Every structure is written in C-alpha cells, then in structure tokens.
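**Q** First the structure, then my questions, so here it is.
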C-alpha cells in the first residue's frame with residue numbers, strides 16, 4: 001500500500017543520459033505499466049525504484065518519504081525478475097519464505113504463510129521441489145509467491161512473462177490481474193508487449209529514448225495518442241501514417257479533401273494517422289481512395305487487407321467479420337474522419353477539440 | 001467406400017517382410033561398446049593401470065638395488081615392517097599436520113582473495129596478475145628462496161618474527177624440530193593460494209547477479225548473502241578443489257625435500273618425502289612401494305568420504 005512519486009528523476013551513466021526528468025505520481029493501489037521498445041530505459045527505471053540502480057538526480061518518494069538513498073531491503077518493495085532469480089539450491093518453500101528466514105521469523109509462522117501463498121498460487125503440491133524440477137510457469141508462480149509472502153508496500157515486475165510460451169503468458173497475465181484485484185497493492189510492471197500493457201494497466205507510461213512520451217489509461221492512449229510514437233506503438237496492427245497537406249479548413253490526402261471538424265485548425269498537419277480498423281471498405285468507385293488488395297488475411301473474426309492505395313502507397317485495413325475480398329481486388333476506402341489523427345512536423349498530435357473541451 | 005480402399009492399400013504396404021538376420025544380442029550389447037572404447041582403454045591401461053599394478057606388486061617384493069641377489073616375492077613382510085616402523089608413524093602424523101594446515105590456510109586465503117578480486121577496485125588487473133604469479137614459479141626455486149628467507153644470516157623473516165615477539169631471538173626455524181614444519185607450510189601457502197583464488201574466482205563469477213539482487217530485495221545482509229547464496233554456490237567447487245589439493249599436497253615432496261630434507265630429526269618427514277628417500281637414497285624400492293600403497297589407501301578413503309559428502313550435501 002503505497003503512493004510512489006517520482007519528481008524529475010534522472011539517470012545517467014557518465015555523460016550518457018538514460019532517463020531525463022521522469023515525473024510520475026502513482027496512486028495507492030494503482031497498476032502502472034511501463035512500456036516501450038527495448039533500450040528505452042523502462043527496466044532501468046524499475047530497478048531505480050527497487051533500489052538496485054542508484055538514482056542520479058531528482059526525488060523518489062514512497063508515501064511522502066524520500067527514498068533515493070535508502071537500501072533496497074529497507075524500501076519494503078518486492079520484485080519479480082524476468083529470469084525469476086529463484087535460489088536454485090533451495091526448495092520452493094524455502095525460496096518463498098527466504099525473506100522471513102532472513103528476518104528470523106518463527107518457523108511455524110513462516111510455514112503457515114508459505115502454505116497460504118502456495119495455496120493461492122496453486123503450488124501446494126510442489127513446495128519441497130527444487131526450482132530445476134519446475135516448469136517455466138511454476139517457476140514464475142514461485143517468484144510471485146516470494147513477492148506475495150512479504151506483504152510489501154509495492155510490487156515490481158520486470159517483464160515477468162517474457163520467458164513463457166504464448167498460452168501460458170495469457171494464463172499468467174490473468175493470474176497477475178487477479179492478484180492485483182485480490183491484494184489491491186501498488187504494482188509497477190515493465191513490459192515491451194503492448195497487449196500485456198493494455199490488458200493489465202490502470203495507467204500506462206510509454207517511454208522512448210529516456211523520456212516519458214505519454215501517461216494515460218489504455219483507452220486514452222489508443223484514442224488520443226499524444227504523438228506519432230505512441231500512436232504507432234500502441235494498437236495492433238500498427239496505425240497507418242501517411243503524408244498529407246495541411247490547410248485551415250481540412251487536409252488534402254492524395255488529391256482529395258478531408259475535413260476533420262473535431263481537430264479545429266489543421267494548417268500545421270504534415271501526416272495523417274489512421275488505424276487499420278478505422279478505414280471502411282466500399283465499392284471501388286464510391287470510396288474517397290482507390291486501392292488494390294495486395295494480400296488478404298482471413299482471420300475469422302477479422303479480415304486484414306494489405307492494400308496499395310493510389311497516390312499514397314501501402315496501407316493496412318482491418319474489417320470486422322469476414323468479407324469476400326481476394327488479393328488483386330479493386331477496393332474503395334473511406335477514412336472515418338472522427339478517428340483520424342493528425343501529426344505536426346515534430347510528431348506531436350493535434351489535440352482533439354473534444355479533448356480540449358473535456 | 002474410398003476410405004476402405006485407402007485402408008486396403010495401407011494394409012498391403014505394411015505386410016511384414018522377413019526380418020533381416022539379426023546380430024546376436026551378446027555381440028551387440030557386450031562386446032561392441034568395448035570395441036569402440038578400446039583406444040581409450042588401451043591408453044588408460046598402458047599409462048595408468050599397468051604402472052599402478054606394477055607399483056603395487058613391488059610392495060610385495062624385496063627390491064633393493066644394494067642387495068640385488070635378495071630380490072623376490074616376500075608376501076606381507078614389507079607391510080609387517082611398515083606396521084612396526086616408528087618413522088612411518090611419525091611421517092604419517094606429519095603428513096596430516098602438513099596437509100591439514102597447508103590446505104586450510106591456502107583455502108581460506110584463496111577464498112578471501114577470490115572475493116576481493118570479484119569486486120571492482122583501482123589497479124585490479126595488475127593485482128590479479130601478481131596474485132597468480134607464485135603458481136608460475138618453479139617449486140624448486142620457491143623452496144630455495146623460502147629456505148633463504150628463513151635463514152637469519154641472509155633472510156629477513158627471523159628478524160621480523162623476533163621483532164613481532166613470535167620468536168625469542170632471530171634463529172632459523174627450519175632447524176627447530178618444533179617449528180621446522182611451519183617453514184615449508186608457509187612456502188606452500190604462498191605457492192598454493194593462487195590455485196584456490198583462480199578456481200574460486202571462476203566459480204564466483206558464474207553465480208548469476210540477479211540472485212544477489214533478489215537477496216538484496218529480500219533483505220539479506222552481507223553475511224547472510226555470503227552464507228546463504230555464495231557459499232552454497234561455491235560448495236561444489238570447494239569440495240572438488242579441496243579434494244584435489246589435499247591429494248596433491250599429501251604427495252607434494254619438493255618443498256620439504258629442498259627446504260629441510262625431512263629433518264631435523266624427521267620432524268618434517270612426511271610420507272612422500274619418506275617414500276622418496278627410501279627409494280632414491282636407500283634404493284629400497286620394495287619398501288618405498290609399500291609406503292606408497294599405504295598413502296594411496298589413505299587418500300582413496302579420504303576421497304571417497306569427500307565425494308560422498310559432496311553428493312549428500314550439495315543440491316545444485
């Protein structure tokens with residue numbers, strides 16, 4: 001149970017600034033996901049919160065107390081490592097109860113707490129096994145058990161699911177979500193997988209190149225990305241971004257005008273972003289854009305069309321349900337104006353009028 | 001209908017043919033593997049086993065170069081002589097003393113050095129090279145050097161020891177039956193610490209860093225981290241290096257032979273120097289082999305105990 005605040009937190013190795021002026025206010029019980037491409041500094045930030053990396057500047061506070069120079073053991077934070085970091089010479093029960101063993105808690109108390117945690121995680125039958133005799137998913141559970149047992153102020157997860165196979169990843173994702181609901185503890189979770197970020201987070205922090213690009217709820221990031229990077233990073237399949245000509249009353253795209261009333265003045269527009277699912281497919285002569293379907297993927301629930309658009313180039317379109325399109329077909333495409341995003345020359349998104357009003 | 005046709009076709013193709021003539025099980029499982037292993041077996045046999053068997057057979061013979069006409073099989077006569085040989089029991093006791101103190105001090109200092117070298121500090125590379133240097137010095141040379149260091153006429157050590165109050169006056173401890181064994185032990189420690197430092201450093205570096213981070217977050221103090229993470233990880237390496245070094249040191253005659261020659265009054269005579277002098281000074285190869293077999297048995301029992309302990313205690 002903790003409120004975690006980062007005020008202008010910095011990290012540099014010599015002259016290299018890895019993180020610049022990170023400001024975050026994490027509420028008690030919030031599930032925060034740090035997401036970004038590899039090398040963006042998200043793991044470094046997590047390790048700074050854990051106390052495994054020194055903080056180069058700024059203030060890091062837990063419940064209003066400055067924690068910059070407090071040792072990890074005194075921060076009362078639990079961490080689940082990407083490689084699990086289980087002690088290979090200790091059985092499951094001892095691994096989970098190690099923090100209590102260190103504190104010198106009574107053996108019976110330790111036993112009952114370990115048993116309770118093992119019960120929660122479905123590990124009861126495995127408590128006297130060594131980590132090497134466990135599967136990846138079970139090891140993951142033990143690592144979580146080790147964190148739970150300490151009843152810490154906050155949980156940190158460093159890409160905990162990246163070593164699991166796809167099916168297990170979905171299962172453990174649910175498990176973590178359930179754990180958060182049950183414990184109601186503050187959790188900070190690092191991942192490069194946007195699906196994990198979108199499904200787990202109360203708020204997502206998108207990091208890139210050592211800067212926070214945007215902080216917001218999953219839907220906020222999806223609907224109102226602050227810039228081109230966030231727009232393309234969040235959402236799958238990736239958003240289409242195509243060059244346009246700006247104008248006060250609307251934009252010009254491949255020779256045709258498009259008015260975007262919700263964006264107000266669009267004279268600064270340089271690029272238009274539109275998600276594949278926000279393009280409608282119509283008869284070839286009716287659409288605003290003419291396109292040829294290059295490849296069509298029928299996924300059952302959706303149809304993905306990789307189209308070559310006249311005057312623009314490749315674009316991806318996703319249509320809900322099955323449509324009888326085949327590769328080589330001529331298509332008409334209509335962009336849903338309300339779902340279009342406009343980016344200025346520096347990549348920032350023009351703010352929506354309704355967002356400004358709100 | 002079509003399905004049935006397919007099944008019919010399938011049945012047709014799997015009609016078993018006559019089995020080929022099978023090689024006999026005896027040949028296949030009992031002889032063949034050894035045929036493949038034969039080069040290794042021949043090598044091990046000629047280099048290790050045959051000399052070992054010949055050596056053991058010497059212990060049941062009288063082979064004295066000075067009495068060439070008396071040689072021949074004598075049964076357990078050599079062993080009976082060994083049992084009542086006072087010098088053998090003294091040498092055995094000295095061997096335990098020499099081996100125990102050499103190994104334990106080498107191990108403790110080596111572990112300390114390895115832990116130190118596993119951290120970062122200025123000039124580490126140079127320091128590391130210097131630490132590993134003694135291992136590269138020929139033992140004969142280091143034995144002579146240490147013998148001179150202990151000599152009060154040309155060496156500083158007796159004077160330093162006297163100044164520290166350890167010795168009443170600067171005399172040569174190699175000439176004192178009570179203390180002489182410590183001379184070679186000190187030389188041996190100087191010589192053998194690098195071995196432990198190198199091997200333990202390698203083992204230390206193979207411990208995943210996350211375990212220390214996890215322990216740090218779990219709240220472990222430095223000592224707890226060492227005793228609960230580092231030591232269990234080092235244990236397999238410790239077991240094997242201590243075993244190896246014990247065997248080597250128990251067999252290690254060079255330092256003692258050069259520094260004291262087993263004296264004064266047999267106070268530094270260990271089994272391996274006793275074997276050496278018996279064989280090459282008295283030229284009594286039969287009796288020397290008998291002592292060697294006794295040493296072999298002791299080390300064999302010791303190794304079995306260490307290996308059993310290792311299996312019992314170490315889980316990684």
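Cβ atoms are placed via backbone N, Cα and C, with glycine included.
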**Q** Per TrEMBL, which of B:74-95, B:96-117 is transmembrane segment?
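**A** Among B:74-95, B:96-117, the range TrEMBL annotates as transmembrane segment is B:96-117.
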**Q** Identify the transmembrane segment range according to TrEMBL, selecting from B:211-230, B:231-250.
**A** B:231-250
**Q** Under 8 angstroms, Cβ to Cβ: which one of B:34-60, B:129-150, B:179-204 has the largest number of such pairs with the transmembrane segment (B:285-309)?
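**A** The stretch with the most contacts is B:34-60.
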**Q** Using a Cβ cut-off under 8 Å, which residues of the same chain at least 6 positions beyond either end of the transmembrane segment (B:96-117) come close to it?
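**A** Cβ under 8 Å, 6 or more out: 124, 127-128, 131, 181, 184-185, 188-189, 192-201, 203-204, 234, 238, 241-242, 245-246, 249-250, 256, 268, 270.
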